[in-house]
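Below are the structure tokens for one structure; questions will follow.
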Amino acid sequence: MNTTNKESTAELNNTESNNNYNNFAENGNIINLKQLKRKLPEELQAQAEELKIENINSLLKQELVFAILKKSVEQGVLIVGEGVLEVLPDGFGFLRSPEVNYLAGPDDIYISPSQIRRFGLRTGDTVEGQIRAPKAGERYFALLKVNRVNFEDPSKAYHRVHFDNLTPLYPDEKLGLELENNSKDSKDFSTRVIELVAPMGKGQRALIVAPPRTGKTVLLQNIAHAITTNNPEVFLIVLLIDERPEEVTDMQRSVRGEVVSSTFDEPASRHVQLAEMVIKKAKRLVEHKKDVVILVDAITRLARAYNTVVPSSGKVLTGGVDANALQRPKRFFGAARNIENGGSLTIIGTALIETGSRMDEVIFEEFKGTGNSEIVLDRKIADKRIYPAIDITRSGTRKEDLLVDKIILNKMWVLRRIIDPMGSSEAIEFLLKKLENTKTNGEFFEMMKSPERPKNGL
């Protein structure tokens, strides 16, 4: 009887909230929490002054958002919120915001255990719905009605297949990275070189092997720009671990996608928590048959963070790496896969080498065989100020025949045979000169004769 009463009450509440939502929408009295969080602190302060909120100069951005929401609700405004769910051990959860890098804050949205069970929600689900102000004795805004889960109808979330039960396949759909050079002044050929040397597919697990100051961050920015331009259906996440704050700002302003970061002045536990939230969010989206790309800078620093956080096993490898420390970062990187019957998770991460740290070398060696694509950057090329500083002969993709047409693949192999006797610097200089004379790789290949398929592969 009690369960029936609760269900009928819930249905009544949903009907009422729908009617309220429609009424508010007609009057335009709706605040979108996500859009509010994207505002600059100056804009929030101006809005708070209009609402006559006191002591705004002493409030942090999250506290300012909370104060604006509370005041708006008092004035009869409806609030629609969105966030990524983090389920706590007690059974309830909170919607964390990517705008604040999934940090816990006063503007988080509470979700009850009954709502989590009803819709089959898990950590990482992107939930959108109508929220209400905290009642007496409550500290957080609460979710009143679920409108969408992972950008789809909530009913679909309950019947999805768990990520670990999905069947992984080799990448067989190309991820378009080539950007046409429309002007002679354009000097960025990085994505065109990657297309020729190490083509990427949806579900790729790629490592960018990079010594310091070889242009890895700029290369990641170019890849991100190419993905958003050529593959609008892809959900892009850029994950910056242990980075400098100014590089985070630069990435946020240059990339049209979700950029989340944990800077070098934050503890290792924070790096780990952010990485776990990002990978769980990506898995939930893949369960809904979506294509997700995560760009990680850097896998090495993430592994260092896990090494600090993991309980000591008593077995220490060379360089001070705990024997169990690399299991979880490997699980993170290993989540990249192409899924049978739809969906894919692509991870492109940078691995640092030649840093002078023995630990970094050990981490790289552990990750070396786990990827199915490698882009190797060369310090000698970068010292000559030749970018992208890609070592062509050492870079490549496994099973590239699944991604590239046979005729194009044969021409790529011939190109490698021509370049092989050259040194790394001469090879990239030779290729860049040829690319400067053409707008696209298609034009570049038309300049080459159609060869027969090589008998011995590469």
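Going from the start of the chain as shown, residues are counted 1 onward.
Cβ atoms here come from the backbone N, Cα and C positions, even for glycine.
Below are the features I grabbed from Swiss-Prot:
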| type | residues | note |
| --- | --- | --- |
| REGION | 1-23 | region 'Disordered' |
| COMPBIAS | 10-23 | compositional bias 'Low complexity' |
| DOMAIN | 78-153 | domain 'Rho RNA-BD' |
| BINDING | G201, K202, G203, Q204, R205, A206, R213, T214, G215, K216, T217, V218, R244 | ATP binding site |
When DSSP is mapped onto helix/strand/coil, what comes out for R205 (ATP binding site)?
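Strand, per DSSP.
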Do you know the mean pLDDT across the domain 'Rho RNA-BD' (78-153)?
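In the predicted model, the domain 'Rho RNA-BD' (78-153) has a mean pLDDT of 90.
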Around the Cβ of G215 (ATP binding site), how many other Cβ atoms lie within 10 Å? Please give the count over every shown protein chain.
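So the number of other Cβ atoms within 10 Å of G215 (ATP binding site) is 20.
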Long-range neighbours only, meaning 6 or more apart in sequence with Cβ under 8 Å: which ones does R213 (ATP binding site) have?
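The list for R213 (ATP binding site) reads R379, A382, given in order along the sequence.
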Counting other CB atoms within 10 A of each CB, which of the binding-site residues G201, G203 comes out lowest?
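It is G201 that, of the binding-site residues G201, G203, has the fewest other Cβ atoms within 10 Å.
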Across the record's ATP-binding residues G201, K202, G203, Q204, R205, A206, R213, T214, G215, K216, T217, V218, R244, the largest CA-CA distance in angstrom?
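Of all Cα pairs among the recorded ATP binders, the widest measures 30 Å.
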Return the count of C-beta atoms lying within 10 angstroms of the C-beta of R244 (ATP binding site), excluding that atom itself.
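R244 (ATP binding site): 14 neighbouring Cβ atoms within 10 Å.
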Is it possible to get the count of other C-beta atoms within 10 angstroms of the C-beta of R205 (ATP binding site)?
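A count of 22.
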Sorted by position, what residues of the same chain at least six away from T217 (ATP binding site) have a C-beta under 8 A from it?
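Correct list: E247, M251, D297.
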With H, G and I counted as helix, E and B as strand and the rest as coil, say where DSSP puts R244 (ATP binding site).
coil
Just to be sure I understand, if DSSP states are collapsed into helix, strand and coil, how many residues of the domain 'Rho RNA-BD' (78-153) fall in each?
10 helix, 34 strand, 32 coil
